[in-house]
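Novice: Questions regarding the structure given below will be posed in turn.
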Amino acid sequence: MLLQVILILVNAFFAGTEMAVVSLNATKLRKMQEEGDKIAGKLLSMVEDSSAFLSTIQVAITLAGYLGAAFAGENFAPVLSSWLYNDLGFQLIPLTALNSVAIIIITIILSYFTLVFGELVPKRIALQKSYEWAKMACGVIRGMAFVLRPVIWLLSVSVNGVLRLLHMKVEAEEENVTEDEIRMMVDLGGEKGAIDEDEQEWIQNVFDFGDSSVRESMTPRSDMDALDIESTDGEILEMIQETGRSRFPVYEESVDTILGILNVRDYLLDRNAGKNTALKDLLRPAYFVPETMKADNLFKEMQKEKVHIAVVVDEYGGTEGIITMEDLLEEIVGNIYDEFDKAEQPEIVPLGENQWRIAGSTPISTLVDDLELPLPESDDYDTLGGLIVTRLNAIPKDGEQFDMEIDGVALHIEKIEDHRIESVVATLLPKEEPEEK
């Protein structure tokens with residue numbers, strides 16, 4: 001009986017060790033090793049050479065299991081079969097048959113205790129205390145691996161031979177972590193409270209940043225602050241005071257002809273020195289980028305070229321808008337305000353159940369993703385205002401108000417300024433139930 005208990009405990013030790021080591025985080029172990037933890041270094045070598053480690057564990061578990069079954073059958077089966085035959089009166093059944101029944105009963109009982117105390121309980125404990133358990137077992141496993149090296153070599157050769165016969169790879173391919181898996185881990189970390197909500201949003205934004213185009217982040221030409229090359233000093237100073245910007249694109253006749261970028265510092269230093277240099281001679285070269293360029297690529301290029309503002313152009317060379325380093329950073333961390341920025345009204349204001357006041361400049365993708373509005377997305381437009389104008393097939397008049405419905409969403413256009421749709425009240429209509437025939 002004592003030997004049986006010892007074998008179950010041996011099984012428990014190795015089963016728990018297997019679970020503990022498999023559960024270890026290699027990155028965390030590597031960091032602990034760099035900080036001087038020698039045990040972490042030994043555990044890291046076990047994790048990285050998992051085939052030798054698992055072979056050692058399996059040899060030990062298999063030996064413990066088979067020895068336990070053999071000793072139980074040898075020691076308890078005759079006693080149980082004799083008890084069934086002599087004491088319980090099963091004389092009609094041959095003793096050899098009773099012996100087989102006894103072995104089955106003993107195997108079932110042994111399997112129960114081995115599963116509970118030799119597998120499930122130690123593995124549960126090892127999952128909760130993986131590093132502590134692995135640290136405790138490290139020396140024993142390394143010692144056994146050394147002693148069993150010939151056996152492990154033989155097993156490894158045998159396994160590799162079978163795999164080759166099956167035309168399978170001997171070495172397991174290392175799986176790369178995908179973006180979706182990282183996103184899932186971030187979401188799980190947010191649910192568990194390990195990652196703050198802001199941090200979670202930033203990490204998700206970093207991945208979205210690589211998928212978004214410059215067009216999605218830029219300031220469109222209708223909203224950009226630009227200077228005419230013929231602007232007077234008074235007009236330039238007024239523009240600087242009103243906007244608080246440090247750089248302005250300068251155009252000739254129209255914004256489709258950008259001559260360069262005026263740095264406010266250059267301009268003010270020149271005027272303060274009384275030089276009154278011509279505006280054209282103060283301009284720095286403009287940095288032009290296509291609207292289809294990915295935001296992360298532009299960020300790298302602007303860092304490399306040491307520019308803070310870029311002019312976004314379409315396929316025909318016409319100016320679509322401008323984009324700054326601040327615009328790109330805001331795609332990750334959210335709006336960045338300074339003392340010159342006016343307080344912005346929220347793009348979406350809830351008015352009631354399934355009803356919102358929405359700015360015309362709100363991207364359709366935001367309404368689809370955040371509000372789950374069934375609005376159509378297209379390359380022909382980016383914003384709610386663009387969708388409405390596309391459906392109208394006309395430019396609305398200032399001050400005009402009207403209603404329309406698009407794909408189950410009722411839209412009340414309540415404010416139009418400078419031929420732009422500024423504000424819309426959107427109501428998600430209830431789905432019509434199909435009539436029963």
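Cβ coordinates come from backbone N, Cα and C, glycine included.
Automated prediction, rather than curation, is the source of TrEMBL annotations.
According to TrEMBL, the record shows the following:
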- 1-199: domain 'CNNM transmembrane' (DOMAIN)
- 6-24: transmembrane segment (TRANSMEM)
- 52-72: transmembrane segment (TRANSMEM)
- 92-118: transmembrane segment (TRANSMEM)
- 139-159: transmembrane segment (TRANSMEM)
- 218-279: domain 'CBS' (DOMAIN)
- 282-339: domain 'CBS' (DOMAIN)
Novice: Would you kindly list the residues that approach the transmembrane segment (139-159) from elsewhere in its chain, counting only those six or more residues past its ends and only Cβ-Cβ distances under 8 Å?
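Specialist: Contacts of the transmembrane segment (139-159) (Cβ under 8 Å, skipping residues fewer than 6 from its ends): 13, 17, 21, 42, 46, 51-53, 55-57, 59-60.
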Novice: Same chain, outside the transmembrane segment (52-72) by at least 6, Cβ under 8 Å from its Cβ: which residues?
Specialist: 3-4, 7-8, 10-11, 14-15, 17-18, 21, 46, 106-107, 110, 114, 118, 141, 144-145, 148, 151-152, 155-156
Novice: List the helix, strand and coil residue totals of the domain 'CBS' (282-339) as derived from DSSP.
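Specialist: Across the domain 'CBS' (282-339), the residues distribute as 21 helix, 16 strand, 21 coil.
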Novice: For the domain 'CBS' (282-339), report the average pLDDT of the model, please.
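Specialist: Summarising the domain 'CBS' (282-339) by its mean pLDDT gives 88.
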